[in-house]
């Protein structure tokens, strides 16, 4: 047996019944405890693992420390281990570093972080000086900052009581009502000195900085804790879910084996106790209905019931399989019928993915705690979203779950070069080409075959190499467990999840099928690895050509490292720097986030503001991409950023315009250095460069990143690093190519007409489980009341359109004419609605009543049935009629 | 593809009636019992089952005046109107036997027998939810199908005179089941009551003169009135509500007195059918069907014969045109008139102010626009471009609101 085989044995616990870590001590490759991965102690008895470390929000110490660590010997060795570096230099030998894998003492870091978390958190918001909010009360604070304050009981502290509508987007979700306003521009404020401070703010030229003290009240819905905890959810949480009327019930109806069950076939119920669960108490009604409808009424089985209980509307969703019935109760209001229908489908999909079938899910012994925590995670995720969204938007009670988020995985359209980089990284992982790792490839058998992987960034799907059905299931898994949400809100330091799953293809395979190409009877695992805002989910197969997995199968550190290095590669390429800027670039396709500019009056404002922008060149506003395209001709795909535009002329020295907006002063220096770079294959320099690039972020983007992390002092960190490291810049091939790509970034427009009239779009490929839409935080980016109104309208209208278009899709899918479908509804291909924006909102957006022509916008949805159903939803200003077929055509060029 | 309406006594669970339309089997007693049982059971647990969705359909329980439970089951695409249908059925029950009887439910067998007379009306109501049939007298549940004719103003005077002579109120004239002219006080009646009156005339087709004891569900649910329907010409009825006197024989004479001289006018008005619009309103040839709703008055005019008799050889049958516009209105265009929604039915409310809406399908295009009190749904050939469609619909709305011969 060669050495590699041995190594694998050590990795694979199935060879020994005893604890896996013990066996590793015998291994000749583990010279010390350092080879034990940090997540090792978190592996459960069943081999499953959820390990997570979130970067603390306020952690100036950590930030400055991390790069320094690199200088020490250990870290260098570690970075040598990088998969990317091994690939690119044949020098890299893996085994010597395998030993040194775990050197950084994690305990120190952890302690520090805890301190920060436990202390009072602070949120800093910078308010643009140019913004003047309309205050009814003519209150100075409201005018300047767009918030209204009240005095705390102590008579001194200022408490945020409300936000003005326009300012809402600036503050939420970071600042909530009830937070204390602590400092303005670093000066402590109380009710006594507030007026003086305000006076100073008015005189000051700089944008005021507000520091809020976070006040946590009530039970904190912490999805991180829920994800990592192995025990059943706490009582307080269960009670809260019970009060919110969330509930699950699984009933096995006429099965002989469960007749003895005391609960008459109820196999699972959450939250418990049984007799306090309203769903349990009224289960008879749903059961009867579920039987009656198909048998006696000639309809299909019920899908959803709306009930009123304790003055609360609740949607009860049905999922029946054979004679069993799964009921999930979801409180209405936040989650409407449309959303509830999709959620139950996702829950069923998730349970089947995790357990093979609903039956095994609820009959598996000792599974109750797991299911409890799974469902509490699902419900908390739903609850969190609805709470957040309700706070974001006033008065929207119905269906606050976004249309886009319910239907499929939201993909991001990337420039081709970037897409290639991403795909390349994932393909490398999937290829599992270990020739460089060991000389004797032939004689080692792998533990797993990688079936495919998908990569998310901040909740957006970047790339998927999974089968369509698998992607849907993986997406359901990540979404319902709140992992996607977490990855977009927090900066993940390390996330490792390992779980056995049952892939769709195997579940639906006919057991007696003699087909040669049938997939092997193996076992499948999902490995989720996260770093930063990236989430990489990989499906692995054991069986067939790999070693069979027997018994309890904990994650193999080797494969975890593989996935981690895949993410590392993306970091090395600089994708972690590139994507945030891409997310705010609003280029592919460009959408109009200042709808009022499309009115006669708005055009005037626009012209005026573009002049101001020119003058105050250092303070470019976010709306800048929109200002660009006025002079463009009727070309539909046009080069937005490089067009004859005054602001770009200002930056004419810089070629890559994506960054140009943010790198103002330092840009030239940066470009010089990047021109000087010498291409180097040396892995060390590659690493250092990717670190260095971090230092280069100053100016606007630094501000933005700082804002995103809610961090106060990081600003100064950048500066510090800047000074210390600017000297040794080096550039790798990949980095270079990515920057080249940035040069070519163009803003695309998919609507016809001189002006960009597109407000929002959703392109849904339901078969693939993918949809394309503007980035999720577009509303916050736009920070515009009218735009928010338009988006809200779009979402509610799109739900209705989607429901109608399903008739046509269903009809095309089913060949049986007996299906009771309305023949008129199935013929509808396109459904459009014209809305008028209310004049109050127009007034608030600065369009005065006199010059106010009505503001109309269309929400149109269309289904394209060939070759597989695709749906396109558009929201655009009424001034230019659009042909959805053309728009869809243009959109397809972007993908 | 079916509509089922079941009434049971809320307390005892005794089935009162069950009516159905469509291709399903008759509902068995045990099924009715189970359905009622579900409702009772959830009520015991302080939970009310408001609405249950099945694929392409809805099951609904509704309780009225604490004594009657109506259960509705509808599939086939128009199920969004099921709640409205059940409330119409309840209105029809009150219309015939009065609210007091329904509340007390003393003699259930007697009530069952009494309610038999409202079966024809209930069947008419069910039709309007059945996507497979052409409704005879009601295309949409929430408005009264009417004919716009230039004679309406003249006829109003006659109707006023007639109502005065029979010492009654609220008179109207119907042609082919469409409301043509009303007395000047007719608007006092709720649209739901007016609709039941028209349905009554339709249900009593062929009888020259008849009076029926009726209760007005909103205005006087407990005190009975006498509704007198009188056939003037073929398919032409005059309706009036009056007290116990004068006797039918006397009314016969009054009818003759009042209406003798107006036969010609009525005949002229009758010619407007089936175009249903005055000839002075012209339609573009691209238009193949139109439905105009007067939202305040809850009246609608539908027409599929827009261009005289020479253009009959269109690809689409007239029935299909009604069906398309009806489906378009029920599933989508009603959103343009939020007033028409039933109270509390806010489940699929759309944020924002809608002003236009369209459907494109492979064989037709529908466009709806609202302007003030009027809502116009128009059916076009698929080749008509969207902007033309918008222009034409807008023109119809302007025509309707400015034309001097339009008299609602």
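Along the chain as shown, residues are numbered 1 onward.
From the backbone N, Cα and C atoms, a Cβ is placed for every residue, glycine too.
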Which is it, of A:467-519, A:520-572, A:679-731, A:732-784, that TrEMBL names as region 'Disordered'?
A:679-731
Region 'Disordered' according to TrEMBL, located in which of A:366-422, A:594-650:
A:594-650
Which range of A:1-44, A:45-88 is region 'Disordered', per TrEMBL:
A:1-44
What average pLDDT does the predicted model assign to the domain 'CCZ1/INTU/HSP4 first Longin' (A:260-356)?
87
Composition by DSSP (helix, strand, coil) of residues within the domain 'CCZ1/INTU/HSP4 first Longin' (A:260-356):
41 helix, 31 strand, 25 coil
